[in-house]
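Colleague: Shown below is the structure under consideration.
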Amino acid sequence: MKSLREGERTKAQRQEPQGTQVFGGREMGRNQPRSLGRRGLSGATVIDSLDTLYLMELKKEFQEAKAWVEESFHLNVSGEASLFEVNIRYIGGLLSAFYLTGEEVSWRFEAPELSRLGRKPCPAFNTPTGIPKGRLVSGSWGWATAGSSSILAEFGSLHLEFLHLTELSGNQVFAEKVRNIRKVLRKIDKPFGLYPNFLSPVSGNWVQHHVSVGGLGDSFYEYLIKSWLMSAKTDMEAKNMYYEALEAIETYLLNVSPGGLTYIAEWRGGILDHKMGHLACFSGGMIALGAEDAKEEKRAHYRELAAQITKTCHESYARSDTKLGPEAFWFNSGREAVATHLSESYYILRPEVVESYMYLWRQTHDPIYREWGWEVVMALEKHCRTEAGFSGIQDVYNSTPNHDNKQQSFFLAETLKYLYLLFSEDDVLSLEDWVFNTEAHPLPDR
């Protein structure tokens, strides 16, 4: 078993240099190799990869990435960017690199520089409620007027990074801004205890009653339980909000299919869409992570619930021709855990399923999670590896799928990191000492 584990870990480790071939060529500094998008901050792939490269002891690639950050990364660029992405990728990635390497990137984290980095997104919070707007123009760092709603997963996924900004810089403004978000959410009425995905930053009211633990909602719930853990279990507000939300999710969104698969549906004003997005598959790991601190009579229940949701997400992979999962899968018309539309059949190197495998392995040491993880490694090798790195695929139900010609930065930040940790000893980034932000950047408990 030991030799197999070491072989699997080495295989996952070898995928990282393949994915970072772009570092030495003309793709260096792009947000995602060979992709097109809005002009804005550059270097998401490089900064997203720093901690993974360091963790895997890929010293040459780490030094190349570090050199690019030191020489080329700056904030004075023109274009539109997402507050959420700036936070989880750039701030989260640089914070994580600092904590893991210490002096090696400490130049970025001297107090004046740190405060300057953290202050850049702060104008987003200049709204009547203090709920931030979602997009910024990064040249002037003014704020775009793209839509009237703020997204739960975006404004709800700032807490971990902003508290660390306050701790490292001594500037309380960062902590005050995210604590105000909690204050607004505690006051507002929630339908059946559920948190809809869209909130007006002007009125502080929900814009529509669409609830999802997948896209638009996901990391809000994740950051509640992780805020509790990161605070050395002193943030009672986060703990209470998390378990209250989880109880409402169980009551109104949780379902078991005729075939016995447990899934979390989406809720639209009381009507359920019987589907799960790939993004929602993180929830198995989240529920496992929070099981220990639940009420004693609920702990075993949450552990079993985490295992059942993770099993369902594995089925979405196992029922495809490529053994990779679709962007979304449904439970209707006698079909279970499969995409029913071609527009949902793609796979873009997402991490959420292997993320849950890692958490469930760390919790249970059941070898099934490493077996499932190895299936993903082999499927990535077979269907996603290219001469220039790794690519998403357009249809997981086609045994010879076409590539989408994009390597998302989260593949290096999250997917490969979680696979590596799945086959590592538990003391490698121990869950007792570290929490991962929603881009898998490890931050130490405070």
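Every residue gets a Cβ built from N, Cα and C, even glycine.
Note that the coordinates shown come from a computational prediction; the quantities given were computed from them, not determined experimentally.
Okay, these came from TrEMBL:
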COMPBIAS  1-14  compositional bias 'Basic and acidic residues'
REGION    1-39  region 'Disordered'
ACT_SITE  Glu85  active site, proton donor
ACT_SITE  Asp218  active site
DISULFID  Cys281-Cys313  disulfide bond
ACT_SITE  Glu327  active site, proton donor
ACT_SITE  Glu352  active site
BINDING   Thr438  Ca(2+) binding site
Colleague: If you measure Cys281 (disulfide bond) to Asp218 (active site) at Cα, how many Å is it?
Modeller: 9
Colleague: Rounded to a whole angstrom, what is the C-alpha distance between Asp218 (active site) and Thr438 (Ca(2+) binding site)?
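Modeller: Given the Cα positions, Asp218 (active site) is 9 Å from Thr438 (Ca(2+) binding site).
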Colleague: Pick from Glu85, Asp218: which of these active-site residues has the biggest number of other Cβ atoms within 10 Å of its Cβ?
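Modeller: For the active-site residues Glu85, Asp218, the Cβ with the most other Cβ atoms within 10 Å is Asp218.
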Colleague: Taking each of Glu85, Glu327, Thr438 in turn, which of these recorded positions have a Cα lying within 10 angstroms of the Cα of Cys313 (disulfide bond)?
Modeller: none
Colleague: Taking only same-chain residues 6+ apart in sequence, whose CB is under 8 Å from that of Glu352 (active site), what do you get?
Modeller: His278, Leu279, Ala280, Cys281, Phe282, Cys313
Colleague: What is the separation, in Å, between the Cα atoms of Glu85 (active site, proton donor) and Glu327 (active site, proton donor)?
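Modeller: Per the Cα atoms, Glu85 (active site, proton donor) and Glu327 (active site, proton donor) stand 20 Å apart.
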